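According to TrEMBL, the feature cyanocob(III)alamin binding site maps to 152-156, ASP197, ASN245, GLN294, 385-386, 400-402, LEU410, TRP432. Taken from TrEMBL, the feature disulfide bond covers CYS21-CYS270, CYS165-CYS208. Per TrEMBL, signal peptide is recorded for 1-18.
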Amino acid sequence: MEPLKALLLLSGVLGALAELCVVPPIHSQLVEKLGQHLLPWMDRISSEQLNPSIYVGLRLSSLQAGTKEDLYLHSLKLNYQQCLLGSASSNDNSDCQTKFSAGHLALYLLALRANCEFVQSRKGDRLVSQLKWFLEDEKKAIGHNHEGHPHSSYYQYSLSILALCVHQKRVHDSVVGKLLYAIEHDHHVRQGHLSVDTEAMAGLAFTCLERFVFNPDLRPRITMAIDKVREKILKAQTPEGNFGNIYSTPLALQFLMTSPASGVELGTACIKARASLQASIQDGAFQNPLMISQLLPVLNQKTYLDLDFPDCQAPRVMLVPAVEDSSPAHIPEVISVTLKVSSVLPPYKQTISVLAGSSLEDVLKMAQNIGGFTYRTQPSLSGPYLTSVLRKEVGDREFWQLLRDPDTPLLQGIADYKPQNGETIELRLVSW
């Protein structure tokens, strides 16, 4: 029997016996390769490149980076504390909001819990206040009648609630109620498309709230919402086994692993999902640090909810950098990629020559160097985010969608996707 088939059979037997969504930590070499991808990112400690998710993912994994890990946490603390001190001296809450999104701040809170720290002192209180202020502002944007939308997203809204919850900070019923209503009435659905990431993050937040009983009056609705999220995620499973797509599957599994419901449907779905993940990892599909940091805990049977009482003494394997390939370098071929923008007048279409293995961002840079094309980005936790193409800026509730001709949305961002020879890539401004 082939090793992979034997491995999947063993996983299936374990899942069937437990009747739970469990991903056994049995793929040590694959896990180590994923962890090695994060090591170079831990050397990038500028304000724009620091990513608390990397630290959280490692701490919840079976791997460790030794002193590099400690230095990275130190850099995170310096960066976020300077922001908080700046806000305190100016007495203006907008300073941190300009520098960091709520997602940044929430993940920083999770990073502190991953190191078995609770937020405390004046700086800690300011961080909690900042997140609560963000939630209150988003609540106002949604409106009394739920007719509005959050300025950011329900994903960040959910992540902020989760971060406060694992620090055992109570969130007001009215704030939780907005998220409950959104999940109950599918207000977070974009253009009829279910966001599995958002569902999973909301499910994790609800499960944390249910555990700590912070909102007793809302408990029946929270329990029903957890059941509904589970049902929607299971229905979103593709024939290949992914929940939504391959990159939303790790977060979906994090939620399903905390699900109190067991049974054949849940167990079978998770077996299919981990088989798909295994194949994708072997194919090298996971390169983005944010995606890897969400996957590593799953491969160690952990979730973000393990941060409520983290085990900071758990043994973890020391990561060593990957050995560089010493084989003679070959000259990469030149490929042609056609870049198309139909959301501007006049429409833009140009064939660009780049080296094989170049990213879509490399294609955009080459197009800009040639002339007749401009673009701008802003940093985000998942990589550079397009904000302007051919001087067309994104407006409120708009984004530049990346598509492979004729109409296939890309699952990766401009820094991660590598076009193939002869492909046509369209940048399309869409509303949500």
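The backbone N, Cα and C atoms fix where each Cβ goes, and this holds for glycine too.
Comparing CA positions across the disulfide-bonded residues CYS21, CYS165, CYS208, CYS270, the one lying closest to ASN245 (cyanocob(III)alamin binding site) turns out to be CYS270. Note on CYS165 (disulfide bond): other Cβ atoms within 10 Å of its Cβ, all shown chains, come to 28. In this structure, the recorded positions under consideration are CYS21, CYS208, CYS270, LEU402, and the one with the smallest number of other Cβ atoms within 10 Å of its Cβ is LEU402.
When Cβ neighbours within 10 Å are tallied across all protein chains shown, the highest count among the binding-site residues SER152, ASN245 belongs to SER152. In terms of Cα distance, none of the binding-site residues chosen from TYR154, TRP400, TRP432 sits within 10 Å of CYS208 (disulfide bond). Sequence-distant neighbours of TYR385 (cyanocob(III)alamin binding site) (same chain, 6+ apart, CB under 8 A from its CB) are THR377, GLN378, PRO379, GLY413. Of all the binding-site residues in the list TYR154, TRP400, TRP432, the shortest Cα-Cα distance to CYS270 (disulfide bond) is found for TYR154. Of the recorded residues, TYR154 (cyanocob(III)alamin binding site) and CYS165 (disulfide bond) place their C-alpha atoms 16 Å from one another. Look at the binding-site residues TYR154, TRP432 and count other Cβ atoms within 10 Å of each Cβ; TRP432 has the fewest. The C-beta environment of GLN156 (cyanocob(III)alamin binding site), restricted to residues of the same chain at least 6 apart in sequence and closer than 8 Å, consists of SER101, ALA102, GLY103, ALA106, PRO150. Taking CA atoms as the reference points, LEU402 (cyanocob(III)alamin binding site) and CYS165 (disulfide bond) are 35 Å apart. All protein chains shown were included, and the count of other CB atoms within 10 Å of the CB of TRP400 (cyanocob(III)alamin binding site) stands at 21.
For the pair TRP400 (cyanocob(III)alamin binding site) and CYS165 (disulfide bond), the Cα-Cα distance reads 33 Å.
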